[in-house]
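The annotation signal peptide is assigned in Swiss-Prot to 1-22 on the grounds of sequence analysis. Marked as region 'Disordered' by Swiss-Prot: 21-40, 635-681. Per Swiss-Prot, the feature compositional bias 'Low complexity' maps to 21-37. Residues or ranges marked as topological domain 'Extracellular' by Swiss-Prot: 23-233, 292-322, 408-430, 505-529. Per Swiss-Prot, domain 'FZ' is recorded for 41-163. The disulfide bond feature in Swiss-Prot is assigned to Cys46-Cys107, Cys54-Cys100, Cys91-Cys130, Cys119-Cys160, Cys123-Cys147; the stated evidence is sequence analysis. For Asn60, Asn306, Asn317, Asn423, the entry in Swiss-Prot reads N-linked glycosylation site. The transmembrane segment annotation in Swiss-Prot covers 234-254, 271-291, 323-343, 387-407, 431-451, 484-504, 530-550 and is backed by sequence analysis. The topological domain 'Cytoplasmic' feature in Swiss-Prot is assigned to 255-270, 344-386, 452-483, 551-705; the stated evidence is sequence analysis.
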Amino acid sequence: MKPTCILCLLVVILLHPRISKSSTSGNPSASSSSSSPPEIPAFRQCETIRIEMCRKIGYNETSMPNLVGNEMQTDVEYTLQTFAPLIEYDCSSQLKLFLCAAYVPMCTPKAPVHAIGPCRSLCESVRIRCHPVLQGFGFPWPPALDCDKFPRENNHETMCMEGPGELHQPQQEQDLYGLPGQGIPGGLGGKLPMDCSGLAKSHLYVRLPRSGRCAPLCEADILFTPAEKHLAEIWVSTWAYAALGLALVATVCLLASDGSRLASAKWSRLLSPLIWCHNMVTLGWAVRFMVGRTGTACGTDPQAPNESLLTVDGLSNASCASVFLMRYYFGMAACAWWAVLCLGWHRDIRRHSPDSKGHVVIPSNFGGSPAKRNSAKTAQQDLTQNNFVCFVAWGLPAFQTSAVIVARFVDADELLGACFVGNQSDKALQILVATPVFCYWIFGSMNLISGYLVHCRTKEILRNSNALSVQQQLQQLSAHSSSGIGIFLFIYGLACAMLLLAVIYEFANIDVWLGSGDTNTPLWPFLLRAFMELMLGICCFAWVLGPSISTLYKRQVSNGKMVKHTSAGAATGHLDGHSSSRGSHAACNSTVVSYHSVRTSMASVPLPPSPYKLKTSPGTGSISLNQMSNYSLGRSVHHQQRHSPHHHHHQQQQHHQFHPHHNHQHHSTSSHRLYYPPGSYASQKYSQHGSYYPHLQQYGNETLL
């Protein structure tokens, strides 16, 4: 054998122990993953701790190999650096002590045989708090830190470190579906609970490690019995489908009234933002009942794939997300638009008050000519068409919805299975639902109260006036107040207050209901909340449909009467007056009558002296005839051949014939005013063919005979 070969063999033999040690230290995972602990020498040699993280931990010396198999402090330092994010997360105040005790165990000359590591209680305390955080990041609990490897207790046979205990005290204020105890950061409540043992029916919950929240099982009966859930399903679904039907009819009327000048069209245009918002809210409820409870409210979570849970993060469920979006965003937008309309009504009342004008001016939509009514818009219409107001009314609810999505507080409720905000988080219900609704309601209510006070002052000023025209203005103002938008806004505000009351009562008592474990939870706040949410839309739809149905009914009645009167006039050849009145005309002091007596023309007979006198009342827009009681009014053929209403008015005394029936010496006069209201058949005919109806006159807003 050559000397060089012998030399190489000696070098390999001498270096063999170091190669084995380096290979072992270079693959710590293999040694740490082995189930059997490493061989520990009978007497250990203590060395100073050189790892920065474990200095000033409570002891200064350690020995290698450690309890997880590492033989060099440099390898241990590299391994501990991988736990730095978990340490910064501060899931447990004892985490650093536990890691140092496991990877850099304490060594003392008084006990040179065994390294002193952590006790099992210290390991389990840290594992309970930090394992969910690791799972949230997608990492399992390290096998090298299995708590079963460590001593159960500290005694004279097995020495270990028990730790000082957790510094964080259990939380007293808990989130809905949470419990007192140590939590992880996140959510509106600061720290979310880590287990579900604080709940009365904890076996019906599954704790989600990533979020730390407790999700109830899909079919769990925690607060309500199955019979109560069935009753609530029938009650709310009935109102939801009724509201959906009204919403469809109101939408058709809204689209059909575009450009119309009827009163119903004015209401539709003014309330169009509220109508569209409540259309979407009603559609959201309809989607919930059409898809079903399971399809909307139940699902699986990646952290618990084997359980069907009530949704706590509804953004992953398309049906749940759509129901939430339509209910929450458009519901908040409806509250914002109601507040805007209250502000507009207040401005409109104050703008026409005597205090601001120095005299009484009836608003343009109360009376006056059509040109004036079209040229002067109300304050509500001005606000609904203002770009800044539209941006605020649509933008604030959008900001709220974005906050809910970022915080991931979209969840389903147990009773109805409808997705919303705060069903499983009382803090979210308080901050993201009750607070904004309360702000909108306070703003709108203050404007309503202020406008009502101004309106009462205006009525008092008018009531103290003796002028007849002012008294008539008072009647018009009172009529507008009883049927105007102020009444609607007041009714809407009451319904909104009931909704707010139900929300406040729910988040104020939900902790008591969950902690008691009693299924006798009151139904009324939950049913009232859902009912009022739908009733707000029903009020809007009914308020728009009311004038439309009334106008349609009056038009049908008016057309039927006109056809009947026209047939009677064609049979006799003379029509002395049209009486197709569409409403009550008792607004004047004189008696309103219609004449249908038909007389044969007597053009060849000289006319007797006129027994009546034509009087015009410019203040009321009417023509009065002082007529003897035993005379009937007829119209000559010569008069019907006139083509100018002005000419007819000028020569009216010469072309009327009066035929006495009885004694001419007893003359009793009665004042009669003949007119046709705006919108009647005769008024429409005059506006279309004025030259062919010379016996009709257009006076202001009325068609007069």
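Each residue, glycine too, has its Cβ placed from N, Cα and C.
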Within-chain partners of the transmembrane segment (530-550) [C-beta distance under 8 Å, separation at least 6 from its ends]: 232, 235-236, 239-240, 242-243, 246-247, 249-250, 253-254, 257, 262-264, 267-268, 271, 274-275, 278-279, 281-282, 285, 327, 331, 334, 416, 418, 488, 491-492, 495-496, 498-499, 502
The one of Cys119, Cys147 whose CB sees the fewest other CB atoms within 10 Å, among these disulfide-bonded residues: Cys147
Other CB atoms within 10 A, centred on Cys100 (disulfide bond): 25
Recorded positions near Cys119 (disulfide bond), in sequence order, restricted to Cys46, Cys54, Cys147, Asn306, Asn423 and a 10 Å Cα cut-off: Cys147
DSSP-derived class (H/G/I helix, E/B strand, else coil) of Cys160 (disulfide bond): strand
Rounded inter-Cα distance in Å - Asn306 (N-linked glycosylation site), Cys100 (disulfide bond): 37
Beyond the flanks of the topological domain 'Extracellular' (505-529) by at least 6 residues, Cβ under 8 Å: 174, 176-177, 198-201, 221-225, 228, 231-232, 235-236, 413, 415-416, 422, 426, 429-430, 434, 498-499
Minimum Cα separation from Cys147 (disulfide bond), reported as the residue among recorded positions Cys54, Cys91, Cys107, Asn317 that achieves it: Cys91
Cβ-Cβ under 8 Å with the topological domain 'Extracellular' (408-430): same-chain residues at least 6 beyond its ends: 175-177, 187-189, 211, 213, 215-216, 220, 222-224, 228-229, 232-233, 236, 285, 288, 293-294, 296-298, 310-315, 317, 319-321, 323-324, 327-328, 503, 506-507, 510-511, 523, 526, 530
Reduced DSSP assignment, Asn306 (N-linked glycosylation site): strand
